[in-house]
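S.K.: Got a structure for you, questions after.
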Amino acid sequence: MDNRSVQRRRTGDVRHLLLAAAFLTCNSQLLLVDANSWWSLGLTPIQRPEMYIIGAQPLCSQLSGLSQGQRKLCQLYQDHMTYIGDGAKTGIKECQYQFRQRRWNCSTVDNTSVFGRVMQIGSRETAFTYAISAAGVVNAISRACREGELSTCGCSRTARPRDLPRDWLWGGCGDNVYYGKRFAQEFVDAREREKNYPRGSREHARTLMNLHNNEAGRQAVYNLADVACKCHGVSGSCSLKTCWLQLADFRRVGEFLKEKYDSAAAMRIGRKGRLELLDKRFNPPTPEDLVYIDLSPDYCHRNETTGSLGTQGRFCNKTSEGMDGCELMCCGRGYDQFRVYKHERCHCKFHWCCYVKCKRCSTLVDQFVCK
């Protein structure tokens, strides 16, 4: 199959998305405060209403945190919403894993903003959160296409890689990363594209920052997807292989974006209304890099204004010199030490046939908590 025919098929896959995007652009409005977020879809299960029940509310009217444009996309693609929620949940969990040993640990709060007021600051942490959330949606939608869960997409139609050996078959049902990336762009970016802040304003800079980091998250999933193959043959001889495009494990995506977080570029709004480097001595960021416009707040102490939850009560590692160490995690305030019993399986033995029997052991361990 030549590249032209592949491109035509891809274009057909996303034509409905482009039409929806044009519809949303014509109905944009000024949004001053993002008190709610679509991330909240990851905190509560999404259940499609039973249409035959008298008085049942439409699905999209039940979902909080959606912007006007996202709600319209919800109406057009209701079967996608469960997977958008799954993607948000995946992103939140990965964020919490990657930052589990940092002062800011991606904690959620009990409202539809999900992460609280700290997201109103255009910091490195905010940049990572936007990127990993967008990546989660690409991941979930791409896999749902492959599994036949969505009405507007199916298996990947990516062209055969040129470096694939000739005697290997190409055509297994792969993850549709192309569709997942396109749909995630239309849905996740809808909120930002509805805004109409004055060009060059601080609010406009924040919108550009969000859009850039959303794209960086999508690019991470797209670029890390790779070829997977399965052997066929008598007695596992692997005389034939069938290959397809497969998503990378999401942990790899999280680790990749964490590296981008550590090297994120500090930006400011320029005279032409575009983001530019704060320090021109550095190379400009690529679409895969994260960008931020504000310094991170003090995460050591609880602060209602910035949304920082502080590190009081956080566990720390007494012997570590890293960010999880008690000296850094507790910000010099000191720590309390106490002993607890840790219960775990031990002395496991295999019995024929066929089960494993273990004993339960208790060990007294020291734990340290920041004051």
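Each residue, glycine too, has its Cβ placed from N, Cα and C.
Look at Swiss-Prot and you will find 1-28 tagged as signal peptide. Swiss-Prot lists Cys95-Cys106, Cys145-Cys153, Cys155-Cys173, Cys229-Cys243, Cys231-Cys238, Cys300-Cys331, Cys316-Cys326, Cys330-Cys370, Cys346-Cys361, Cys348-Cys358, Cys353-Cys354 with the feature disulfide bond. The N-linked glycosylation site annotation in Swiss-Prot covers Asn105, Asn111, Asn303, Asn317. What Swiss-Prot lists as O-palmitoleoyl serine is Ser235, and the listing cites similarity to another entry.
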S.K.: Which one of these disulfide-bonded residues, Cys145, Cys353, Cys358, has the sparsest Cβ neighbourhood, judged by other Cβ atoms within 10 angstroms?
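M.R.: Sparsest of the disulfide-bonded residues Cys145, Cys353, Cys358 by Cβ contacts within 10 Å: Cys353.
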S.K.: What are the non-local neighbours of Cys95 (disulfide bond), defined as same-chain residues 6+ apart in sequence with CB under 8 A from its CB?
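M.R.: Listed in sequence order: Cys106, Phe128, Thr129, Ile132, Ser133, Gly254.
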S.K.: Using a 10 angstroms cut-off on Cβ to Cβ distances, just flag whichever of Cys229, Cys330, Cys361, Cys370 is the loneliest among these disulfide-bonded residues.
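M.R.: Output over disulfide-bonded residues Cys229, Cys330, Cys361, Cys370: least Cβ neighbours within 10 Å is Cys361.
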S.K.: Report the nearest neighbour of Cys153 (disulfide bond) in space among the recorded positions Asn105, Cys229, Cys330, Cys346, Cys354, comparing Cα positions.
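M.R.: Closest recorded candidate to Cys153 (disulfide bond) by Cα: Cys229.
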S.K.: Mind giving me a neighbour count for Cys106 (disulfide bond)? Other Cβ atoms within 10 Å of its Cβ, every protein chain shown.
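M.R.: Looking across every protein chain shown, the total is 22.
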S.K.: Cys316 (disulfide bond): which of the recorded positions Asn105, Cys155, Cys231 is the nearest Cα neighbour?
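M.R.: Going through Asn105, Cys155, Cys231 one by one, the Cα closest to that of Cys316 (disulfide bond) is Asn105.
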S.K.: State the three-class DSSP label for Cys361 (disulfide bond), counting H, G and I as helix, E and B as strand, and everything else as coil.
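M.R.: It is in a strand.
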S.K.: May I ask which residues of the same chain, at least 6 positions away in sequence, place their Cβ under 8 angstroms from the Cβ of Cys231 (disulfide bond)?
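M.R.: Ser237, Cys238, Leu240, Lys241 - these are the non-local Cβ neighbours of Cys231 (disulfide bond), listed in sequence order.
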S.K.: Of the disulfide-bonded residues Cys155, Cys173, Cys358, which one has its Cα closest to the Cα of Cys229 (disulfide bond)?
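M.R.: Nearest candidate: Cys173.
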S.K.: Given a 10 Å Cβ-Cβ cut-off, pick out the one of the disulfide-bonded residues Cys173, Cys300, Cys346, Cys348 that has the most other Cβ atoms nearby.
M.R.: Cys300
S.K.: Can you tell which of Cys155, Cys316 has the most other C-beta atoms within 10 Å, given these are the disulfide-bonded residues?
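M.R.: In terms of Cβ crowding, the pick is Cys316.
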S.K.: For the C-alpha pair, I'd like the distance in angstrom between Cys330 (disulfide bond) and Cys300 (disulfide bond), rounded off.
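M.R.: The separation of the Cα atoms works out to 7 Å.
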S.K.: Nearest to Cys243 (disulfide bond) in three-dimensional space, by Cα, is which of the recorded positions Asn317, Cys346, Cys354?
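M.R.: Minimum Cα distance from Cys243 (disulfide bond) across Asn317, Cys346, Cys354 lands on Cys354.
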S.K.: Please tell me which one of the disulfide-bonded residues listed here (Cys145, Cys155, Cys173, Cys348, Cys353) sits closest to Asn303 (N-linked glycosylation site), measuring Cα to Cα?
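M.R.: Closest by Cα: Cys145.
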S.K.: Given the recorded positions Asn105, Cys326, Cys331, Cys346, which one's Cα is the least distant from that of Cys358 (disulfide bond)?
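M.R.: Nearest by Cα distance to Cys358 (disulfide bond): Cys346.
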